[in-house]
Amino acid sequence: MSTHVFKPDLPPPTLSVGVLGWLRANLFSNGFNTALTVLAVYLIWLMVPPVIQWAVLDANWSGTTREDCTADGACWVFIQNRLQQFMYGFYPLSQRWRVDLTVLAAVLGAVPIFVRAMPRRWIYAIGYLLVYPWLAFWLLHGGLGLQIVETSQWGGLMLTLVIAVVGIAGAMPLGILLALGRRSHMPAIRVICVTFIEFWRGVPLITVLFMSSVMLPLFLPEQISIDKLLRALIAVTLFEAAYIAEVVRGGLQAIPKGQYEAAGALGLGYWRMMGLVILPQALKLVIPGIVNTFIALFKDTSLVIIIGLFDLFNSIHQATVDPAWLGFATEGYVFAAAVYWIFCFGMSRYSMRLERRLHTGHKR
Amino acid sequence: MQKPVTGPSVRGSMLTDPKIRAWAFQILAVATVVAVGWYLFHNTQSNLAQRGITSGFAFLNNPAGFGILQSLIDYTEGDTYGRVFLVGLLNTLLVSVLGIIIATIIGFVVGVSRLSPNWLISRLAALYIEIFRNIPPLLQIFFWYFAVLRAMPPPRDSHALGEALFLNIRGLYLPAPAAADGFWAFLVALAIAVAGCVAVARWARQRREATGQRFPVLITCLALLVALPVLAALVAGSPFTWSVPTLTGFNFRGGWVVIPELVAITLALSIYTAAFIAEIVRSGIQAVSHGQTEAARSLGLRPGPILRLVIIPQAMRVIIPPLTSQYLNLVKNSSLAAAIGYPDLVALFAGTVLNQTGQAIETIAITMSVYLAISLSISLLMNWYNKRIALVER
């Protein structure tokens with residue numbers, strides 16, 4: 001008796017699998033698509049080789065003065081030469097370890113918050129948020145045994161980070177209160193909060209900074225004079241609080257009414273209802289939104305150039321107009337763009353990851 | 001015998017009555033706001049008196065006495081601060097309108113490219129979005145202004161595009177149209193064509209609703225819009241004469257000059273905002289569920305009508321609200337122009353006028369209220385539009 005023997009499977013057509021298949025499906029599926037591919041390749045050809053030529057192949061990497069730079073390529077010597085200033089501003093040379101230590105403390109202190117296995121993460125996080133600002137202020141500003149460094153000497157990336165972090169840290173509690181106020185049942189509170197939020201959201205940050213630098217001194221009694229940096233921080237905090245408030249309101253609105261009613265049925269008062277039931281859920285929902293607000297704030301810190309603070313961007317801008325290094329504006333701005341880009345892109349990726357992770361709990 | 005049931009005895013004090021507490025809180029809040037306001041007002045009054053700064057808006061009628069780089073209306077140094085305000089406002093609106101138009105075009109093209117089945121094109125679009133939305137707009141403005149436009153050659157060695165477009169350190173030179181003999185005939189013909197289009201469109205819709213027959217409205221309209229003005233030009237003579245910039249001596253004469261500040265800020269804001277618009281467009285199109293496409297296909301619609309009649313109307317509902325908020329952002333970001341010396345509202349009013357008059361409160365208040373008015377009116381418009389197009393659910 002003969003048994004039927006199956007022939008081995010034919011391999012799939014070579015044109016639909018592997019590299020060729022991928023190319024056919026994604027780049028050359030029809031005439032129009034092919035034309036687009038050609039256009040794209042042409043665009044890449046137009047842009048990429050000159051950029052690589054300028055930034056890498058023809059670039060000058062070592063030296064100390066502008067004479068070490070040739071005309072064709074990028075002059076990264078300029079960046080190397082001024083890097084310290086871009087990072088620390090005019091912070092005294094001998095004291096810069098304090099800035100490094102502040103950053104190190106921030107990173108090391110924050111690590112446990114991101115370790116998901118750690119018990120009582122939230123308590124640790126709150127403790128960290130309460131302790132760290134004092135430590136950072138003491139390290140950066142001095143006093144109690146450390147040499148005092150005036151805020152006018154702060155600058156560079158360090159100042160950018162200070163403004164961004166203080167801005168968001170100050171804006172969070174204020175923004176949450178405003179969001180709660182906007183959803184309050186008491187008309188007077190609601191009107192006050194809505195007015196506050198809509199006012200700050202309706203004006204550009206630049207006018208707010210102008211206001212903080214020329215109007216704040218008029219608003220306060222003669223004898224009180226506020227530090228320039230502090231004025232900027234107040235402006236940024238109030239401004240961002242309005243945006244945070246809108247983000248948090250989105251989260252509050254997304255919490256089903258049943259949660260409020262259940263909390264009420266348990267006999268919780270307003271603050272306990274919010275603090276124990278509603279806000280933990282709402283804030284978790286809006287973490288990506290808060291990170292996005294922080295990214296916007298990080299980019300907005302560059303505006304302090306208007307009131308003459310030397311943040312990262314202003315330090316670089318000042319260096320490009322320095323007669324000793326005239327003509328290297330492109331290098332300076334490209335470097336600045338790269339630094340901002342790394343921070344913003346990193347945070348946006350983190351926010352996307354969070355979004356995915358947090359989303360799972362609410363999928364139906 | 002049972003006792004008659006009585007209601008629960010009311011024992012709470014006034015402190016726990018929610019109504020009274022609400023009143024107390026509100027009174028407290030209002031009182032705090034009023035007190036803080038009064039405190040600031042009082043301080044301001046005494047500070048102003050001490051520094052001898054006059055207050056009030058009388059300064060708006062004083063002569064300004066400084067020149068302005070670019071003005072859309074006639075302006076001389078002898079004009080008043082009030083006129084300076086108008087010049088600044090118009091310059092701000094100019095940047096905003098130009099930026100919105102260009103950003104929308106780039107944004108839609110990039111957003112659609114992002115969804116292209118072509119891998120290279122969609123990657124390129126993603127690259128564009130990721131690069132430009134993560135760099136501060138101010139940095140982009142400075143890059144275009146200081147690194148690109150300030151590094152342009154002098155007028156003699158201008159970059160030329162053909163014989164009519166020139167780019168040099170003094171700005172972008174464009175040919176300018178000026179009205180000639182046939183201008184009015186041209187305008188009238190154009191108006192007639194537009195009116196004709198509207199009429200044809202209405203008639204076609206009525207006929208379609210009555211009989212189901214279609215009429216090629218788009219082609220008819222385009223034909224009308226091209227044919228009538230061309231006919232008018234042929235009959236009455238050319239509607240425009242073009243004033244082409246020409247190099248005479250050290251500079252160009254004639255044509256339109258777009259100052260480099262305007263070029264830089266328009267370019268930077270358009271590119272920056274376009275990255276956000278592209279993401280909005282992408283998510284809007286993706287928000288239309290695939291079932292809609294399939295349903296439309298099963299009804300026998302072809303790809304073009306599917307896009308036009310099914311996908312886009314639904315995507316627009318998702319796209320428009322965030323799109324307007326991007327437009328608003330662009331208007332607010334146009335204030336960054338102050339940093340490179342483009343004479344917009346902030347640079348002129350919160351900058352120069354404030355420095356000259358010292359009336360900080362009035363100038364900043366005027367500047368802020370302009371932006372507030374723009375923001376609030378756009379968001380009111382938006383709310384109205386949103387209500388109109390919102391999904392009516394059963």
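Each Cβ is built from the backbone N, Cα and C atoms, and glycine gets one as well.
Per TrEMBL, the feature domain 'ABC transmembrane type-1' maps to A:157-346.
Residues annotated as transmembrane segment in TrEMBL: A:32-52 (among others).
Here TrEMBL flags A:97-115 (among others) as transmembrane segment.
Here TrEMBL flags A:122-141 (among others) as transmembrane segment.
Taken from TrEMBL, the feature transmembrane segment applies to A:153-178 (among others). Same-chain residues lying 6+ beyond the ends of the transmembrane segment (A:153-178) with a Cβ under 8 Å from its Cβ atoms: 85-92, 99, 103, 129, 133, 140, 193, 196-197, 229, 232-233, 236-245, 247-248, 279, 283, 290, 293-294, 297-298, 301-302, 304, 309-315, 339.
Annotation source TrEMBL lists transmembrane segment at A:199-220 (among others). Beyond the ends of the transmembrane segment (A:199-220), by six or more residues, the same chain brings 226, 228, 231-232, 234-236, 238-239, 241-243, 246, 300, 303-304, 306-307 to within a C-beta distance below 8 angstroms of the stretch.
The transmembrane segment feature in TrEMBL is assigned to A:269-287 (among others). The list of residues near the transmembrane segment (A:269-287) in space but at least 6 beyond its ends in sequence, with Cβ under 8 angstroms from a Cβ of it, reads 176, 180, 247-248, 250-252, 254-255, 259-260, 262-263, 351, 354-355, 358, 362.
The annotation transmembrane segment is assigned in TrEMBL to A:294-313 (among others). Beyond the transmembrane segment (A:294-313), the same-chain residues lying 6 or more positions past its ends with a Cβ under 8 Å from any Cβ of the stretch are 86, 89-90, 154-157, 159-160, 163-164, 167-168, 171, 205-206, 209-210, 212-213, 228-229, 231-232, 236, 240, 243, 336, 339-340, 343-344, 347-348, 351.
Look at TrEMBL and you will find A:325-347 (among others) tagged as transmembrane segment.
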Ranked first among A:32-52, A:122-141, A:325-347 for CB pairs under 8 angstroms with the transmembrane segment (A:97-115): A:122-141
